[in-house]
Amino acid sequence: MHLSEITHPNQLHGLSVRQLQQIARQIRDKHLQTVAVNGGHLGPGLGVVELTLGLYQTLDLDRDKVIWDVGHQAYPHKLLTGRYDRFHTLRQKDGVAGYLKLCENKFDHFGAGHASTSISAALGMALARDLKGEKFKAVAVIGDGALTGGMALEAINHAGHMPKTNLLVVLNDNDMSISRNVGAIPRYLNKMRLSQPVQFIKDNLEEQFKQIPFVGESLSPELGRIKEGMKRLAVPKVGAVFEELGFTYIGPVDGHNLEELITTFQQAHQIQGPVLVHVATVKGKGYEIAELDQVGYHAQSPFNVATGKAIPSNKPKPPAYAKVFSHTLVKLAEQNPKIVGITAAMATGTGLDKLQAKLPNQYVDVGIAEQHAITLAAGLATQGMRPVAAIYSTFLQRAYDQIIHDVCIQNLPVFFCLDRAGIVGSDGPTHQGMYDIAYLRCIPNIVIMAPKDEAELQRMVVTGVNHTSGPIAMRYPRGNGHGVPLMEEGWEPLEIGKSEILRTGDDVLIVAYGTMVYPGMQAAEILSEHGIEATVINARFVKPLDTELILPLAKKIGRVITLEEGCIMGGFGSAIAEALMDADILVPVKRFGVPDVLVDHAEPNESKTELGLTSHQIAERVLQAFFKQQVSAVV
């Protein structure tokens, strides 16, 4: 059977190990070739091919439910559940999503994009099953560092207290998250992986006994007791934590041995109560380049399969915002030993790996634990340190209570650096950084800013590090800057709450924030071609707003446009509208940003076009909103 013939995972039933191995090779090839063209997550999926095949051969997936944590390790799952023919559209607009979506496929039982949610979701399904008297298996596959997340441990704590609730947790242990795993739990799991020689000896006892002359066959009845004794000897050193928490622990199992995996899963399904199967895998398995560089090949832009090297663009690009942030922070940290960079398992993505390499004592990676990261930062701040928490906008949502309770209420000087703010592209709605303006600006004490370009980002990094009177946040986008000149040192901090006028005109006021400043300026030039002159303000700060500058201009000009790359509801435009209303300035305001919709996976420019946020679309919308009759008369 060829992979392309599989439209339902139950077609794996009855296939031999040799046939499954052939399917495994085809999955890896399709996975590799697709990601090489489209970009996407590479290492996680390559590492779970045999795990997926072995698990699915032992389940009835018309009935049983498998919940994949995070979702980036589920590419093999997608290839086995009727999406082979469309897999070439992976992460493209209207194509197969890079993560799991309930609406995409009936075998995607729970959406995912953030880590550590699978055990909670699977346990909820198991409880619903028991309450309704239904019969199906609930399985959570968790790994790639997600077990370091507090939510996963909370779910394990709860599940272990329910000995009559059947739940299978499959721990995909590849000793990695996105970067190398950190913390006591991964260290404990690593010790368990090192116990595999004991497991190997135990599994091969029968063959060894048979080779004993004269008495080998007669010893076979004793084999079960000897194996159980070895288990008792090994479990206190290996699976003791999970056993003490109420789980039956099985493992470690070789995650690339199909025969062993199938046997293990069959045994696990027979056990009453919560079971944890510990599967040891290799991230990037089957593609040697990815195996040797598991951090670099966690996810990839399009690359050459033969060399593993990224396909170069046609022209040089300016440095990425994350790179400029990293370079600036390292320079400042070299001068100020109180600066401490904090990441939640995203050292490479945020650029803090450069700080780790240069100043390891001023760097902390807490693992996938955003809540802990923020309260850790608060603790550092109480002792006069300058904590810089560099976290993707979408992941900071997970620490909202800590932002309010531990930082803002106590008015502690924590510097939040929100990478990937705004439209992020092909990762889809779970990763869009749409909500940070709205969820942060309602909190007292916090200052919030966003740079128009990479040079202004440098000044904002200095501003954030120097701001000691309370918390401050900076949001900045994924991708490359505008190519403006950068300084190596001597950056001047900005005055808190002060904006700048970039262009003057009497017909319309455009107040732009962050990444929308450049499109706002370009839209103003297009409007000028129609005889309409705009004043353009780079707001810089959404909190506090520069009301001294913005309000008089709004009153004088009488027409206001706000631009932001974030949700309109509660966002930057709402802040402007509220300020005008509070000052009794009754002028028309049009807010351009992301409406009350989820932005699906697509290239960022495709999403911006769909949302009407390109410079030409902004100009057209301004004309339609305020100058329709005037333009019609000219035409």
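Cβ coordinates come from backbone N, Cα and C, glycine included.
Cβ-based neighbour count (10 Å, all protein chains) for GLU370 (thiamine diphosphate binding site) stands at 28. DSSP assigns GLU370 (thiamine diphosphate binding site) to a helix in the three-state reduction. Annotated thiamine diphosphate binding site per Swiss-Prot: HIS72, GLY113, HIS114, ALA115, GLY145, ALA146, ASN174, TYR287, GLU370, in sequence order, evidence recorded as sequence analysis.
Neighbour count (other Cβ atoms within 10 Å of the Cβ, all protein chains): 28 for ASP144 (Mg(2+) binding site). Sequence annotations record features per position, and here Swiss-Prot assigns Mg(2+) binding site to ASP144, ASN174.
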Rounded to the nearest Å - Cα separation of HIS72 (thiamine diphosphate binding site) and ASP144 (Mg(2+) binding site): 9
Using Cα positions only, nearest of the binding-site residues to ASP144 (Mg(2+) binding site) (HIS114, ASN174, GLU370): ASN174
Cβ neighbours of HIS114 (thiamine diphosphate binding site) where a neighbour is any other Cβ within 10 Å: 22
